[in-house]
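First the structure, in the form of structure tokens, and then the observations on it.
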Amino acid sequence: MNLGELVSALNDFASPSLAESWDNVGLLVEPSPPHVVNTLFLTNDLTQEVMEEAVQRKAELILSYHPPLFTPLKRVTWGSWKERLVVQALEHRIGIYSPHTAYDAIPHGVNDWLAKGLGACTSVPLHPSTAPHYPTEGPHRVEFCADSTELETLLAKIKDIQDISSITTLPARVEGEEQTRVSLNCSQKALLEVVALLSKNSSLYHKTEILLLQKPLLPHTGMGRLCTLSEPVSLLTMIERIKSHLKLPHIRLAVGKGKTLESLVKKVALCAGSGSSVLKGVKADLYLTGEMSHHAVLDAVADGISVILCEHSNTERGFLSELRDTLAVHLQNKINIIVSEKDRDPLQVA
């Protein structure tokens, strides 16, 4: 499969526009064309050990959930481990692609996979994603009514302003008089010009409405999840479910103020990876994430919310096996897809 064709298919599967603004997603390292991909190699973190595994398994593209390149490199030498990854990738003609928070946001992505460990439940995003574009051009809508004597001249002047679209006119009755209601969409710059034009007629301007348009929300898409269990269970039962789902012998637990291991859990707010900012202020019985700051845990506990921490990548890595099967269907089994056996969380209980 040609690299460009594969990257396009991966972007269709999870649009990079869904990633957080601070993130670095998409194709990060590209070998010179033409580049054909027969083997796609999946990993949560691209470490030196994982790179060597990818080379041994003759991968042509690595999909690393976490972007190995985040801050700009001033040089590419053998001096740091991340620079060495770039050198090795290019020497062995291996591309590197990272989806990161785009996979957190999508339906059936990392967060929905994490929610499967809770038992039967319904879930909604904590922070819904919006569409990348407005349904119509321009983020502002201006509406006003004008009588027939000034309408034609006014519309002619408005049409001379750049970045105006979707001009519509409809009959309207205002204070017993027949008038025309004008609606238009425009950019921020055009809005200032429209306002300047309409303000020359005080009676017209005082009846003008200016609306700030919002991009539509995308269903079932966004950061984090608020999960409502079909049947409440004890905190102890929830701990065992999560350990089983993540295949972990241990988790870290902070019990909420006034709660015990027998306290019932009905609502779980979760965020794969690092959840402090995503979970902050959310009302739930339990927070589930990989890591949180010390003070964020204290805040949650004081509010009577229990916290389960599983280490950052342990809440993400298990998704890769499911991703392998999903991508195989999405890519019509045109390439071989394998999951790293060397990838693991750097932290362990000693």
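Just so you know, glycine gets a Cβ as well, placed from its N, Cα and C.
Per TrEMBL, the features are:
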type	residues	note
BINDING	His66, Asp104, His312, Glu316	divalent metal cation binding site
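Take the mean position of the Cβ atoms of His66, Asp104, His312, Glu316, the recorded divalent metal cation site; other residues of that chain with a Cβ within 8 Å of it are Asn44, Tyr65, His100, Val110, Ala272, Gly273, Ser274, Gly290, Ser313, Thr315. Of all the binding-site residues listed (Asp104, Glu316), Asp104 sits in the most crowded Cβ setting, with the most other Cβ atoms within 10 Å.
Look at the Cβ of each of the binding-site residues His66, His312 and count the other Cβ atoms within 10 Å; the largest number goes with His312.
Reduced to three states, the DSSP call for Glu316 (divalent metal cation binding site) is coil.
In the three-state DSSP classification, His66 (divalent metal cation binding site) falls within coil.
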